[in-house]
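Chemist: First the structure, then my questions, so here it is.
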Amino acid sequence: MAPSGGQEAQICDSETFGDSDFVVVANRLPVDLERLPDGSTTWKRSPGGLVTALEPVLRRRRGAWVGWPGVNDDGAEPDLHVLDGPIIQDELELHPVRLSTTDIAQYYEGFSNATLWPLYHDVIVKPLYHREWWDRYVDVNQRFAEAASRAAAHGATVWVQDYQLQLVPKMLRMLRPDLTIGFFLHIPFPPVELFMQMPWRTEIIQGLLGADLVGFHLPGGAQNFLILSRRLVGTDTSRGTVGVRSRFGAAVLGSRTIRVGAFPISVDSGALDHAARDRNIRRRAREIRTELGNPRKILLGVDRLDYTKGIDVRLKAFSELLAEGRVKRDDTVLVQLATPSRERVESYQTLRNDIERQVGHINGEYGEVGHPVVHYLHRPAPRDELIAFFVASDVMLVTPLRDGMNLVAKEYVACRSDLGGALVLSEFTGAAAELRHAYLVNPHDLEGVKDGIEEALNQTEEAGRRRMRSLRRQVLAHDVDRWAQSFLDALAGAHPRGQG
């Protein structure tokens, strides 16, 4: 596969090398360029778990970050000249990749989120395949690869992130064979039979094989990738079982050996634990309970508004528990914080309408004037407010139909130094493999979800403390630093540069 529109990439001259020994390449920068009412611009922290996970790693290594600055650039706004070169923002070196409205529509909203996202999440929604989307995906990936090439010093380590940039490793290797390249996928990698639906399946696998190390959350994803690389590209692959942070698989392609491994991502659990102990956070948590009418129990959901997250499942389960009298309407409330997401994609617009209809129905059926049983907020919550909600709630509901990891579950656990609360967790999250002392449920089994919620609501204090203590032991020991270090250690031990 040619890296972009059939054109061969050119290896950069040494004069074009950057000065960063460590480069993160992701769809978004850790900050967005935002236009103010007076027409001026400012930088604002980007939403999303990827930024939360990677920013501390980048700061410690004094590296550079390549990504989209969050503003569409159609060439008509002269004041966007700030994006012309590297930027130092909050002590981070940023290399913006400028994307037009058409780029966003076809590369991001189209191929990334209407093709890859549903395919990789077990086809909960039917993937759409359009050649013009694919062509734009190739073109934008080439631009990211070129930006990374310009940012990286000779012999640097480049860490490419997630499904939007799966072609970048091969493209970057063609540009800069001196680099050590890692790739990590933050969403599930699908079973072989689903991935084979993809018209451009071989090109995707070839793109990933440009890396020295390809990482997934779980061993199953790594095994799927090895099978596909053998079947589609003809690599000689290892046949043993891939372990967690150990027992790496291998795919041999020509003179190169690509490591394949499982590295479950986590959160900055120490920082969350510290923040949740803060006096102001504790006071805000008490205020939240008061504002909700001092219910006996608070159920909490925190999600992007996405069809994979199972928000409708927990609402349906809560509604039926109320109808059956297993949950009392006068002493239990459900708070759902739903962060807006991909609002221009039709399936997401439909989902929002459906969720808001469900909320209205439940409140109409079981709420009272001034006392709804479901409190629904369709907006992002500031970090401290979110932590206060974690501390205030009695049961955390994490019920995705499919999720690569789900960091919200780990964030909740990290915030419960009081050993209070309970976690109801979908079996179809990556987190379920580690958080075995949660109340694990199958989101496709509504009765099972209802039973899990009821059990969590009615657990004894002793049983709850025992479960939370075990969950916290796991989350505090395996934080985001350990995730990053385990990946980067494995990358450093992968076959070295120059295998291009």
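Placed from the backbone N, Cα and C atoms, the Cβ positions cover glycine too.
Reproduced below are the annotations present in Swiss-Prot:
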BINDING   ARG28, TYR108, ASP162, ARG342  D-glucose 6-phosphate binding site
BINDING   GLY48, GLY49, ARG304, LYS309, LEU407, VAL408, ALA409, LYS410, GLU411  UDP-alpha-D-glucose binding site
SITE      TRP117  site 'Involved in alpha anomer selectivity'
SITE      ILE187  site 'Involved in alpha anomer selectivity'
Chemist: To the nearest Å, how far is the Cα of TYR108 (D-glucose 6-phosphate binding site) from the Cα of ARG304 (UDP-alpha-D-glucose binding site)?
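Modeler: One finds 17 Å between the Cα atoms of these residues.
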Chemist: Determine which residues of the same chain, besides ARG28, TYR108, ASP162, ARG342, have their CB within 8 A of the center of the CB atoms at the recorded D-glucose 6-phosphate site, and list them by sequence.
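Modeler: Those within range, site residues removed, are ASN27, SER112, ASN113, GLN164.
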Chemist: Between GLU411 (UDP-alpha-D-glucose binding site) and ASP162 (D-glucose 6-phosphate binding site), what C-alpha distance do you get in Å?
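Modeler: About 21 Å separates the two Cα atoms.
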Chemist: Express in Å, rounded to the nearest integer, the largest CA to CA distance found among the D-glucose 6-phosphate-binding residues ARG28, TYR108, ASP162, ARG342 named in the record.
Modeler: 17
Chemist: Counting Cβ atoms within 10 Å across all protein chains shown, which of the binding-site residues ASP162, GLU411 comes out on top?
Modeler: GLU411
Chemist: Whole-number Å only: compute the distance from the Cα of ALA409 (UDP-alpha-D-glucose binding site) to the Cα of ILE187 (site 'Involved in alpha anomer selectivity').
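Modeler: Cα-Cα, rounded: 15 Å.
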Chemist: In whole Å, note down how far the CA of ARG304 (UDP-alpha-D-glucose binding site) lies from the CA of ARG342 (D-glucose 6-phosphate binding site).
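Modeler: Between the Cα atoms of ARG342 (D-glucose 6-phosphate binding site) and ARG304 (UDP-alpha-D-glucose binding site), the distance comes to 9 Å.
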Chemist: Based on Cα distances to TRP117 (site 'Involved in alpha anomer selectivity'), point out the closest of the recorded positions ARG28, ASP162, ILE187, LEU407.
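Modeler: For TRP117 (site 'Involved in alpha anomer selectivity'), the closest Cα among ARG28, ASP162, ILE187, LEU407 is found at ILE187.
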Chemist: Cα-Cα, whole number of Å: LEU407 (UDP-alpha-D-glucose binding site) versus ARG28 (D-glucose 6-phosphate binding site)?
Modeler: 18
Chemist: With Cβ-Cβ distance below 8 Å and at least 6 positions apart along the chain, what are the contacts of ARG304 (UDP-alpha-D-glucose binding site)? List them in sequence order.
Modeler: ALA338, THR339, SER341
Chemist: Residues with Cβ closer than 8 Å to the Cβ of ILE187 (site 'Involved in alpha anomer selectivity'), same chain and 6+ apart in sequence?
Modeler: TRP117, TYR120, HIS121, ASP162, TYR163, GLY404
